[in-house]
Amino acid sequence: MMTMWCLTLFVLWMLRVVGMHVLRYGYTGIFDDTSHMTLTVVGIFDGQHFFTYHVNSSDKASSRANGTISWMANVSAAYPTYLDGERAKGDLIFNQTEQNLLELEIALGYRSQSVLTWTHECNTTENGSFVAGYEGFGWDGETLMELKDNLTLWTGPNYEISWLKQNKTYIDGKIKNISEGDTTIQRNYLKGNCTQWSVIYSGFQPPVTHPVVKGGVRNQNDNRAEAFCTSYGFFPGEINITFIHYGDKVPEDSEPQCNPLLPTLDGTFHQGCYVAIFCNQNYTCRVTHGNWTVEIPISVTSPDDSSSGEVPDHPTANKRYNTMTISSVLLALLLCALLFAFLHYFTTLKQYLRNLAFAWRYRKVRSS
């Protein structure tokens, strides 16, 4: 048992080192108050939302499938029937989802809303080898059944939740009725088609790009301030931003607050974090992206601290000072040039007059 545990940890560590791709599709079917159903399919690859399908039962003909990120244009160019095929597949799933929603609403009852979710995911290495897969179905925000680990056995939900416990017989019956053939189909999809498309997508997505990091201080007041650190233009989207104070992470009561990870149109991500700190202390922002790490020093000086003799940074004053400095240097150079020209002219004139006087004396001597 211990050997298997150590082997599992080793495999996970190796995947961390060599890299792993994650392809996930999420399906959400919702019945509204008018008994109209909408189905939305979202495709996510390595944390990037790359595909969306949407349809409403009131207008099935308007179903649409779209790539939602720049590199999907290259996928569509390489596979011209890709979006049409995804739309046709979404239309087929819509009919199945509508039937499942009706059955679940009758069996489990209408609660706050009628929402059926379905998720499947495959994890692959950089060279395209299958690592792990997952299949799961949920109702109103709770998991009903899952296929994971070795992908051979479906498991049920957490029956500690009251309404799930009340419907345990129905849910267990649904799981028991899943045939081995259906399980094999799902397993083959995760190990086959899902893995193959993960390899295809990896060939079109942007290469690994490390972030541009900017850090500083804002909202400075008395002896408190906020240190911020923002990372721009990185891919993939997994990043860790921390603040270091005297070699240690900031205390737990000053845990950094991070804004949501946001994608950009070029396929990269950006994220910013900030933390409340004390003035007159030095901090460091440490950003880790994969095996790449950078540290940005952040120094905070109290606005009331005049003992240092430093003038507070003021952009307008600095600009005026820089302009005056440049003007002074140019004026000094001009004066030096004029002085040099005057000395040169004076020396030349003096030499000319001396030669003229010598020539006059020589002429006078000869005439005598």
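For all residues, glycine too, the Cβ spot is worked out from N, Cα and C.
Small disclaimer: the values here were computed from a predicted structure and weren't measured.
According to Swiss-Prot, the protein has these features:
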- Asn56: N-linked glycosylation site (CARBOHYD)
- Asn74: N-linked glycosylation site (CARBOHYD)
- Asn95: N-linked glycosylation site (CARBOHYD)
- Asn123: N-linked glycosylation site (CARBOHYD)
- Asn127: N-linked glycosylation site (CARBOHYD)
- Asn150: N-linked glycosylation site (CARBOHYD)
- Asn167: N-linked glycosylation site (CARBOHYD)
- Asn177: N-linked glycosylation site (CARBOHYD)
- Asn193: N-linked glycosylation site (CARBOHYD)
- Asn240: N-linked glycosylation site (CARBOHYD)
- Asn282: N-linked glycosylation site (CARBOHYD)
- Asn291: N-linked glycosylation site (CARBOHYD)
- 19-114: region 'Alpha-1-like' (REGION)
- 115-208: region 'Alpha-2-like' (REGION)
- 209-303: region 'Alpha-3-like' (REGION)
- 1-18: signal peptide (SIGNAL)
- 321-342: transmembrane segment (TRANSMEM)
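Feature map: Swiss-Prot annotations on the structure.
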residue: Asn56; record: N-linked glycosylation site; DSSP class: strand
residue: Asn74; record: N-linked glycosylation site; DSSP class: helix
residue: Asn95; record: N-linked glycosylation site; DSSP class: helix
residue: Asn123; record: N-linked glycosylation site; DSSP class: strand
residue: Asn150; record: N-linked glycosylation site; DSSP class: coil
residue: Asn167; record: N-linked glycosylation site; DSSP class: coil
residue: Asn177; record: N-linked glycosylation site; DSSP class: coil
residue: Asn240; record: N-linked glycosylation site; DSSP class: strand
residue: Asn291; record: N-linked glycosylation site; DSSP class: coil
What is the separation, in Å, between the Cα atoms of Asn150 (N-linked glycosylation site) and Asn177 (N-linked glycosylation site)? 19
Cα proximity to Asn282 (N-linked glycosylation site), best match among glycosylation sites Asn127, Asn167, Asn177, Asn291: Asn291
Around Asn95 (N-linked glycosylation site), how many other CB atoms lie within 10 A of its CB? 12
Pairwise CA distance, Asn127 (N-linked glycosylation site) versus Asn177 (N-linked glycosylation site), rounded so that it is a whole Å: 37
Counts of helix, strand and coil residues, the region 'Alpha-2-like' (115-208), according to DSSP: 38 helix, 29 strand, 27 coil
DSSP says Asn282 (N-linked glycosylation site), in three-state terms, is strand
List the helix, strand and coil residue totals of the region 'Alpha-1-like' (19-114) as derived from DSSP. 34 helix, 40 strand, 22 coil
Let me know the model's mean pLDDT on the region 'Alpha-2-like' (115-208). 92
Quick one: pull the CA-CA distance for Asn95 (N-linked glycosylation site) versus Asn123 (N-linked glycosylation site), whole Å only. 28
Asn193 (N-linked glycosylation site) to Asn240 (N-linked glycosylation site) - Cα separation in whole Å: 32
Minimum Cα separation from Asn240 (N-linked glycosylation site), reported as the residue among glycosylation sites Asn56, Asn74, Asn123, Asn177, Asn291 that achieves it: Asn291
Whole-number Å only: compute the distance from the Cα of Asn56 (N-linked glycosylation site) to the Cα of Asn74 (N-linked glycosylation site). 28
Of all the glycosylation sites given, namely Asn123, Asn167, Asn177, which is spatially nearest to Asn74 (N-linked glycosylation site) at the Cα level? Asn123
Summarise the region 'Alpha-3-like' (209-303) by DSSP state, stating how many residues are helix, strand and coil. 3 helix, 63 strand, 29 coil
Could you give the Cα-Cα distance between Asn167 (N-linked glycosylation site) and Asn123 (N-linked glycosylation site), in whole Å? 33
